[in-house]
């Protein structure tokens, strides 16, 4: 049992070390070669994660295989913090994604979205001008609206209104249903005389670099995407936490065995 727990911990940490190499390499590569704010946004978290996994796995590997109790203690402490952070993140993710859903529009195949329907924490993220400028840049360089424009370019207005658009397409690539603009094609609409009850109608522009990227509906569409993504991540994180707890338990056995051998 003594040898088994140490060997198992060594094997698990060897694979974790191998995993850290491509994560760290990808983060460094993104930092040097990123073409957009979207890509640059990911480089630092990936570098930090890669370095953390590398050092923790080395500590666990050496501590288990060479029976160095102080390294195993540091490893277990880091693992405990990781489990605690993962647990807190999972609770937080479920808490901030428990609100928000698209509004069903009569005679429309798509929904429309409103920032006020989502949690206050998420609202603050998109209402921050600096944050939104970076996100807006990401959306412009992505294929969200270009794919939407290509896919629906040849359909008439009746078929367009029946289209099942996703949250970003509905919020960022077309004007709000409240505007009652005249349809020309998916990204070209003729404005009707104001005033408008929805401020997004004033923001809309047919220019490909503008569209509705600064609309509240676009922010809400992004929040709906984040909400759905975070719920999926939180569910996966539960499985990951179970795995970490198992590894932590094996580490505790190895640490206890090392202490017994030293006595």
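The backbone N, Cα and C atoms fix where each Cβ goes, glycine too.
Taking Swiss-Prot as the reference, the stretch among 214-234, 235-255 described by the feature transmembrane segment is residues 235-255. Close to residue 180 (N-linked glycosylation site) in the fold, though at least 6 residues off in sequence, lie 192, each with a CB less than 8 Å from its CB. The topological domain 'Extracellular' (29-45) scores a mean pLDDT of 66 in the predicted structure. Sequence-remote contacts of a segment are chain residues at least 6 beyond its ends whose Cβ falls under 8 Å from one of its Cβ atoms, and for the transmembrane segment (8-28) they are 42-51, 53-54, 56-58, 60-61, 64-65, 75, 247, 250-251, 254. For the recorded site, residue 180 (N-linked glycosylation site), the DSSP three-state label reads coil.
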